[in-house]
Amino acid sequence: GSLLLAVHFYSSLQAVPLIPSTALGVLLLILSALLAYAGIRRSLRNASLLVLLCLMLSAFWSGYGVILILSGQGALPGAGAARDALVPGLATFTLALLLVAVVGFLCREPVLALVAAAVSLASAHEVALHYSSSLGPSAVACGHLLVCLVGGYFALGRMLHFLSKGKVALPGTDLAEKKAQEQGWGGAGSTNPFAAPGLLLNMLSASVFGCRLLGVTHGLFLGHVPWLWAAGTYQIGICVLSYRAMDVLMATAFGFTSILKFAAGYSLLYPTWQPEEPAFPTPFLVVFAILFVVLALFLSLQSPVDGLYLLVFVTYCIALACSPRGFFAGGPQGVAVAIFVASALVALIHLYYVGARAKISLGKGAVKALLARSSLLKLREGPDLHTPYLGYSKYANAEVLAYACSVLASFALTATGDPQAPLATVVIPWVVVAGGILKFLGGSVAFARGKTLESSAFILYSVMWIIWGLTRYGGLYGTARSFHAAVGIIAFMLFNSFIVFCSLFLNMAWFFYSLTFMLIAVSFLLDAIHALPAGYDIAATLIFGLVSFYCFLAALSSSTFEGCCLPMGRPIVQLSGVGAGTTKCLHLPARKASSVKRIADILRNGGTCGIPTDTVYVLVAACSRPDAVEKAHRSKRQAQDRPMSLWISSLKQLEPAKHLFTPLLWDFMEAAWPSPISLVIPRGEWVDFLGMKDSAKYVGTLQSVAIRIPDCSVTTHLIDLVGPIVVTSANPTGEADTTHHNQVYAKLGDKVDAVLCGGPSPENIASTVVDCTKIDSGNIGFFRVGIIPKSQV
């Protein structure tokens, strides 16, 4: 990317540049997508300053590329238009990348710091170039060329490292040493590592309006939209990454600020097809300010610095509400300057927190000490903070954002605009972006967390908001109402009526949430058939907005405090069997020794349990309890051709019966175990040495028994405590193997006494089953080839 820009600036003084603006813009967009991919792939393993640099450069080049395309296609008329379009972004990224470079040097990341400093220097020279003809473009090209040289040095270091098999490593290119450093003290810390790029993107949007107020640019126009929408798009991405970092509150904050960026971009885009400036719905902005206040209060409990920072956006929303001209007025632009300064300071703290060994205090300790004195409020903490009840998820709960988007979309609909000019009121971003895109994101995250009903509702409602926002407020839904619109709304109401019915079994808040959305759908239907009573639509949206606001507060309090402060209510209809797992079936985390001990007690007392292994989840019972083995056999609906197998923790348990095994078979067992290999061996008197008593009739067949030592420390520790166990797969006969503890609940939840929860299985394939009944004649067979291939056996 830097090489392209270096060539572009070296050749810019020629009559015909080597790379046309449009071509350069398209290439930068492709490279920005690759950079974003590299940053996200890297972040899934370990967050570092490299992730921040990738995301920031990607955002920079995407905005820059779109402006170059607009300029190349003649969409930016006037001599100073390209300069006015580029300068706010260039100024922001000069400072942002300088901050990354400073922190990189402090955190001993010289290669990364040099790249950031070089791009920052090139951007600074480009800003100066736009205002001073005495500075040549070759100065900008030199900055970009420096990035190429650093990149070439790093590539050379990696090649030498690879060719010399690790013997030669140039300084700063040894990734093994860097990885050890990151695992030792760098990485995520206790805060969200993606907060810094999100804060730097807030600087970008603020810079657009701040430059206008300070007179750096001559006006707000189409050329600024790429910066605003690039910042909004990347902030939605950072919102998702924040959910992966298990930070609900910062993810919600970035969702909110992305909506403001899309609204600002829409406002700047609107005058290109209409001469007048768009009008702003005041009630909506007041509601947005209230949501920001609530979020700031809860965020200040997690990090007082971030909580105080969000109050600047409260001021911004109030300034927008007070100005009929919205983003074009001086008041909001003055607050934008404050946002720029505050974002830079807080981003510097977060940047240093991600990369440095010494952590800066964000004030969380003081809040914890304060709340420790309160008997009413206790902060949720610990590794299980965001774990869903039935299972495991890579994402934190996004319901807070989804409910907030419902509030925003519903209050935006209360804006009464001119039906002949629907686009004149800035409603589309609130309804389509907030109600549609971000609610769809909330539904997708809910689906990833195993919340089927909630995700279905959020996704259904998001589709409705997108369609309604684009048709009614985009001028597509004119004065003529059609039968087709009514039919579409009725179909939607049928879907929603099913969600209302299902929510009877979930909780009271969800029932009212889905029911009040039905009121909005009814108002759409009445409008389509010309039978809408005056004020009904506003009343329906207000009721839905208030119910959504209560759900927003309840979700926030339940994710922040232990013990639900604002209840969501009990299910209106309680069926036997629905939610039975909450009382009958224990779920215990596998990483705790106390959990394994408790499972052992349950097995000794005649219980059956689901446990993780070195392959898939299994259902187990103690050999010493025939009643438990029979119970496991019944709960599985075990087929006669799929007999239960026997597991031990060590061959020492078979030592007393060693004389009953042939030397070849014993040697093979010693060589094969512990591993995911089950050996089917001839049944004999050795079975009695394991104390199986009456359980023996359920294990194996009359001729043979499958036996194994699992290669899993949790499982072998459990067998050490209980003795040999009888094992079968944790799924009804004929169904797919169970690869997660929430699948054990789903398939056998009311038939087992406890489940040891170990998250996803290390493998999705079952063990290899080897027929050793004729091993002494030199023959082995395979009943099932699983994770271990035939060649290895």
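In case you wondered, yes, glycine gets a Cβ from its N, Cα and C as well.
The domain 'YrdC-like' annotation in TrEMBL covers 593-788.
Marked as transmembrane segment by TrEMBL: 15-37 (among others). Remote same-chain partners of the transmembrane segment (15-37), defined as residues 6 or more beyond its termini with a Cβ less than 8 Å from a stretch Cβ, comprise 1, 4-5, 7-8, 54-55, 57-62, 64-69, 71-73, 234, 237.
Annotated transmembrane segment per TrEMBL: 49-73 (among others), in sequence order.
Residues 49, 52-53, 56-57, 60, 63-64, 67, 70-71, 76, 112-114, 116-117, 119-120, 123-124, 126-127, 130, 200, 203-204, 207-208, 210-211, 216-217, 221, 223-224, 226-227, 340, 344, 347-348, 351-352, 354-356 of the same chain sit 6 or more residues outside the transmembrane segment (85-106) yet have a Cβ under 8 Å from a Cβ within it. If you look up TrEMBL, you'll see 85-106 (among others) marked as transmembrane segment.
The annotation transmembrane segment is assigned in TrEMBL to 111-132 (among others). Nonlocal intrachain contacts for the transmembrane segment (111-132), taken as residues 6+ away from its ends with a CB within less than 8 angstroms of a stretch CB, comprise 2, 5, 9, 49-50, 53, 57, 60, 83, 86-87, 90-91, 93-98, 100-105, 139-144, 146-147, 150-151, 153-154, 172-173.
Same-chain residues lying 6 or more positions outside the transmembrane segment (138-156) and placing a CB less than 8 Å from one of its CB atoms are 2-3, 5-10, 111, 114-115, 118-119, 121-123, 125-126, 129, 170, 172-173. TrEMBL lists 138-156 (among others) with the feature transmembrane segment.
Here TrEMBL flags 199-221 (among others) as transmembrane segment. Beyond its flanks by at least six residues, the transmembrane segment (199-221) meets 56, 59, 63, 80-81, 84-85, 87-89, 91-93, 95-96, 99, 227-228, 230-232, 234-235, 238, 257, 260-261, 264, 268, 271, 309, 327-328, 330, 332-334, 336-337, 339-340, 343-344, 346-347, 350 of its own chain at Cβ-Cβ distances under 8 Å.
The annotation transmembrane segment is assigned in TrEMBL to 279-301 (among others).
Within the chain carrying the transmembrane segment (308-328), a Cβ under 8 angstroms from the stretch's Cβ atoms is held by residues 199, 209, 220, 253, 256-257, 260, 263-264, 267-268, 277-280, 282, 285-286, 288-289, 292-293, 295-296, 299-300, 334-336, 338-339, 342-343, 346, 426, all 6 or more beyond its ends. What TrEMBL records for 308-328 (among others) is transmembrane segment.
What TrEMBL records for 334-354 (among others) is transmembrane segment.
What TrEMBL lists as transmembrane segment is 423-441 (among others). Within its own chain, the transmembrane segment (423-441) is flanked in space by residues 232, 236, 239-240, 255, 258-259, 262-263, 265-267, 270, 274, 276, 278-281, 284, 326, 398, 401-402, 405-406, 408-410, 412-413, 415, 417, 458-459, 461-463, 465-466, 468-470, 473-475, which lie at least six positions past its ends and keep a Cβ under 8 Å from the stretch.
If you look up TrEMBL, you'll see 483-506 (among others) marked as transmembrane segment.
The transmembrane segment annotation in TrEMBL covers 538-556 (among others). The list of residues near the transmembrane segment (538-556) in space but at least 6 beyond its ends in sequence, with Cβ under 8 angstroms from a Cβ of it, reads 287, 291, 294-295, 298, 397, 399-400, 403-404, 406-407, 410-411, 413-414, 416, 509-510, 512-513, 516-517, 519-520, 522-523, 564-568.
Residues 47-49, 52, 92, 95-96, 99-100, 103, 106-107, 186-189, 191, 193, 195-196, 199-200, 202-203, 205-210, 213-214, 305-306, 309, 312-313, 315-316, 319, 360, 362 of the same chain, all 6+ positions outside the transmembrane segment (334-354), place their C-beta atoms under 8 angstroms from a C-beta of that stretch.
As a whole-number mean, the pLDDT of the domain 'YrdC-like' (593-788) in this prediction is 85.
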